[in-house]
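**Student:** Just dropping this structure here.
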Amino acid sequence: MKKFNFEENSHRRFNPLTNSWVLCSPHRTKRPWEGHKEVIDDESLAEYDPECYLCPGNTRAQGDKNPQYENTFIFDNDFAAVKNDQPEYLEQSKDKISSLLRVEGVRGECKVMCFSPKHNITVAEMSEDAILCVIQSWIKIYREMSTKSYINYIQIFENKGSIMGCSNPHPHCQVWCTETIPEEPTKELISMNNYYKNNNSCLLCDYTQLETIKLKYKPRIVCENNSFVCLTPFWAVWPYETMIISKSHIISLLDLENDDDGNILQKDLANIIHRITCKYDNVFECSFPYSMGIHQAPVDNKDHTNDSHLHLHFYPPLLRSPTIKKFLVGYELLAEPQRDLTPEQAADRLRNCSEIHYKQK
């Protein structure tokens, strides 16, 4: 009888963070593609665009004028998804109909943070010092918003590229602060809490130690430094999906200030973000699109020592080339996520990509 081959045979992988499964079909990487191809974003942008509402000195949609900022710039989102000046929603009843048609009011605040005054660069092209300024601004927002009594979760995320729905190429991220804890972080909190109850240890601490220390060949590690590791998770859904995970047990961005060695944690995070985003761009020598998000402890005045561990998710859609992306449709929408390229194959390709940006070669 033939031996099972994870590089050739279909199998499912379990995601302990979300208590879900992903179907791996590595034999499908050889199938031909005659479907839709994306249009590559124009990379010939000027450093300053007078029509861009994020560039320094320009006027935004609601009439506010941006300052002549030199590093990062944070402002209230002109088209916020949630707002704090709305009446409280009171549940009408607890009858059967209400259990089927449930509603929760959601108050919150939305921020936009420009990474740089330059319109024509991305994180991959920024220096580590510039990325460090971004991280310090993330910490500032997290600290300030956590003091507001009605805010319970702070979601920082970046959509890079028009293929990811980004409406403006100027380098920026968004910060949505809500009184509810969103569904994806909630799944992780529940799973990590259950894991701790069963094992008396942190799920992501154990997983990080497994990938970085216990496994001899480290097949899914892309890059690492003293404080963080970037890897393709065993249960990855997107072709070149990665996670950046803290090697020590820290639960939020605020913990990046709690070291005595010249903010080494912040510098190491800037280092590994720079390295993975540069590798991404070098995969197909294009501005590699992705959605990135930070998952960390809620700010609901509860102890999250055991159910939180600071990590970043990168979800890039490209599969075979700058114009061919993965679609989450059909079976993935109706049954469960599926991937062709294995996480190990993706990690190997990313690991072998240069950390010098292709534009600088």
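We count from 1, first residue shown onward.
Cβ from N, Cα, C; glycine included.
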**Student:** Determine which of His11, His27, His119 appears in TrEMBL for the same Zn(2+) site as Cys52, Cys55, His170.
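**Tutor:** For Zn(2+), TrEMBL names Cys52, Cys55, His170; of His11, His27, His119, the listed one is His119.
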**Student:** Which one, Glu179, Glu183, Glu188, is listed by TrEMBL in the same Fe cation site as His295, His311, His313?
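**Tutor:** According to TrEMBL, the candidate sharing the Fe cation site with His295, His311, His313 is Glu188.
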**Student:** Looking only at Cβ atoms, how many others are within 10 Å of the one on Cys52 (Zn(2+) binding site)?
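**Tutor:** For Cys52 (Zn(2+) binding site), the count of other Cβ atoms within 10 Å is 17.
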**Student:** Might you list, by sequence position, any residue in that chain lying six or more from Lys326 (UDP-alpha-D-glucose binding site) with a Cβ less than 8 Å away from its Cβ?
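**Tutor:** Result: Trp238, Pro239, Pro317, Leu318, Leu319, Arg339.
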**Student:** So, in DSSP terms, is His311 (Fe cation binding site) helix, strand, or coil?
**Tutor:** strand
**Student:** Sort the binding-site residues His295, His311, His313 by C-alpha distance from His170 (Zn(2+) binding site) and give me just the closest.
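**Tutor:** In terms of Cα distance, His170 (Zn(2+) binding site) lies closest to His313.
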